[in-house]
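Here is the structure we will look at.
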Amino acid sequence: MSAARIWPTLVRRERPSLYLKVLAPLLALVAATLINLLLYLVMGKDPLAVFHAMILEPFISFSSFSEVLLKTGPLLLIAEGLAIGYRAKVFNIGAEGQFIIGAIFASALPVWYPMATGQWIWPTMLLAGAVGGALWAGITAFWRVRLRANEILVSLMLSLVAVQVLNYLLLGPWKDPNGFNFPQSVMFQYDAMVPLIIPGTRVNASLPIALALALAAYVFMQKSFIGYKLEVGGLAPRAAGYAGFSEGRAIWLSLLIGGFAAGLAGAAEVAGPIGQLQRSISTGYGYAAIIVAYLGGLHPIGIIFSSVVMAAIYIGGDNALVSADLPIAAVRVFQGSLLLAYLMAVTFVRYRLAFPRPMSGAPA
Amino acid sequence: MIAVEFILSGMLAAATPFLLAALGELVGERAGVLNLGVEGLMALGAAVAFIIVYHGGGHALAFAGAGLAGALLSLLFAFAALGLQANQVAAGLAIGILGQGLSALFGKTYESLTVKGLPKLSVPGLADLPVVGGLFVQDPVVWLSLAATPAIWATFAFTKTGLLLRAVGENPKAAHSIGYPVIAIRVAAVAFGGLMSGFAGAYAATVYTPLWADGMIAGRGWIALALVVFGTWLTLRIFWGACLFGAVSLAGLAAQAGGVELPSQLLASMPYLVTIVVLGVISSNRRLLKLNGVASLGEPFKP
């Protein structure tokens, strides 16, 4: 039953188009912007005002751009970790929970020892956060490797549990006794804060740390043998098995790296712009980082650019809330449509469209 | 005893959002498509239904609107994942984020508002039984979901539609080579899943807890996805799984009412913790999963 085709079909290219690979995220960004501006128009908002507040403003003033840089740090860290796993086909979508547990582990030190002083405190907190994130991701790894449970579902469930752990601590044992009953911990002491690096802004040392780890991820994924084996394990598990690299080890490594990076990001957030443990330590960074990882083509260098873009979307969303009365939920809509648009665009890296030939004599 | 009665009478209603969404996802997965966007589809359905009921459109229209919204959003997923061969895991996540965002956007001005739920219909005679009587006093959507379960089971077991769905999920190449439109069947299955997720969200927001709060789906879409695995892709086992989760989500309330001192956060995490444990137990039984699993689940197919 082969009816005459009326729609075009996908035909595999002889080799993937490098040109489109670079162009795909930009096309997706343009498409998502246009669709969302249309949505704002339907909602009765002035699309030009939103465009100005959301897309231009983050880059116009230095103070706004410094906030973009501040948000780039956690997104970059988490996304670099996730991308390593995604390339090995290990779908850790629980970075949000690993981020929260990282923040909790880091906060333990200033909460328990609020009087401690010394420049060792903030580095210790960052390390504790990273270890906490890795431990939390380790649960998923154990479930996946030993029990063969789906890592997507387990890591997500653990994120929902992590939110409850955070709530428990903030409403109970870690609540600031002088905090007017707000669900938040004490403010951290000076030495528990990551040092600022650009005077007059909130940008702190976690950004260069994130950039350094991005470069380390580049060396690891593109140049090292373990990184190569990880990727082969994702593409061709059987071949990797013959080469003596077990699937289990790849899953453990992917999840531990992902959890480590997300936990570090969580620690840097409480020891940075926030300065205490509170409920809103993450505005969905763990989920946004999934988008950042894909938008950056799962490539360590590409992710540096995509994390700046995502950070700008966050700041732009805040701006648009203030100046154009756009609900903050619009940011999530933008994020979702951006990922979807990118995934559609990236199809054409490997495929091209073949249009059906018009039948001779058929009416147009 | 009171706790048992409480759980028995509320279990089916609590199970219904899980059941509807999981049955929809089951149909898609049996056809070989993994749609991870259930949480977002439910959230969108919930917002659409709540808004319709709030403005006096009634529950029937609300469910229709929610189902339509779910189906349309899942068709967008189908276009990306089946039409353009996009990564199914990532496309499902994108749809989930998009659905949750749209839900929050539409629902923003309705925060904390309430609507009227649905009256309960009881089975004469049985409803008066001691202890189990509460099982037979349910709202109409619960009764319809109870009817949908055997209907879907029978569709897979006895009809050509069921056979086709399974064929394109087990061996799409073979199904294609004997002339079946694999992609079209998969698209239809995905749309059905979206419809059911929309219904599930509508039930959660306008019948089970008729109050609007952003994020009110609270992971139930993800648990529905896990239920399909628990049920090892078998309709009736998914039904029992949904009942278990209905009971678990009430057990906390019953324990609190009974004077058991537990942090409320532990109670709130209970469904997630149970999901993690049961996933571990079921998944470690490889034979079971091999036997009933769907061979081409999540694999793209290009004719």
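Every residue, even glycine, has its Cβ placed from backbone N, Cα and C.
These numbers come from a predicted model, not from an experiment.
Only residues 6 or more beyond the boundaries of the transmembrane segment (A:22-43), in the same chain, are considered here, and those with a CB under 8 A from a CB of the stretch are 50-51, 55, 295-297, 302, 305-306, 309, 324, 326, 330, 333-334, 337-338, 341-342, 344-346, 348-349. Marked as transmembrane segment by TrEMBL: A:22-43 (among others).
As annotated by TrEMBL, transmembrane segment applies to A:49-70 (among others).
Feature annotation from TrEMBL assigns transmembrane segment to A:90-113 (among others).
Residues annotated as transmembrane segment in TrEMBL: A:125-145 (among others).
Summarising the annotation, TrEMBL assigns transmembrane segment to A:152-171 (among others).
Annotation source TrEMBL lists transmembrane segment at A:203-221 (among others). Packing against the transmembrane segment (A:203-221) from elsewhere in the chain are residues 66, 69-70, 72-74, 76-77, 80-81, 83-84, 87, 126, 193-197, 227, 230-231, 261, 264-265, 268, 272-273, 299-301, 303-304: each is 6 or more residues past its ends and has a CB under 8 Å from a CB in it.
Taken from TrEMBL, the feature transmembrane segment covers A:251-272 (among others).
Through the fold, the transmembrane segment (A:284-317) approaches residues 21, 24-25, 28-29, 53-55, 57-59, 64, 67-72, 74-76, 78-80, 82-83, 86-87, 93-100, 159, 211, 214-215, 217-218, 221-222, 262, 265, 269, 326, 328, 330-332, 334-335, 338-339, 342-343, 346 of its own chain, all at least 6 residues removed from its boundaries and within a Cβ separation under 8 Å. For A:284-317 (among others), the entry in TrEMBL reads transmembrane segment.
When Cβ-Cβ distances below 8 Å are used as the criterion, the transmembrane segment (A:329-349) is approached by residues 10, 16-17, 20-21, 23-25, 27-29, 31-32, 35-36, 39-40, 284, 287-288, 290-291, 294-295, 297, 310, 313-314, 317, 320 of the same chain, each at least six residues removed from its ends. Residues or ranges marked as transmembrane segment in TrEMBL: A:329-349 (among others).
Per-stretch counts of Cβ pairs under 8 Å to the transmembrane segment (A:251-272) identify A:125-145 as the leading one among A:90-113, A:125-145, A:152-171.
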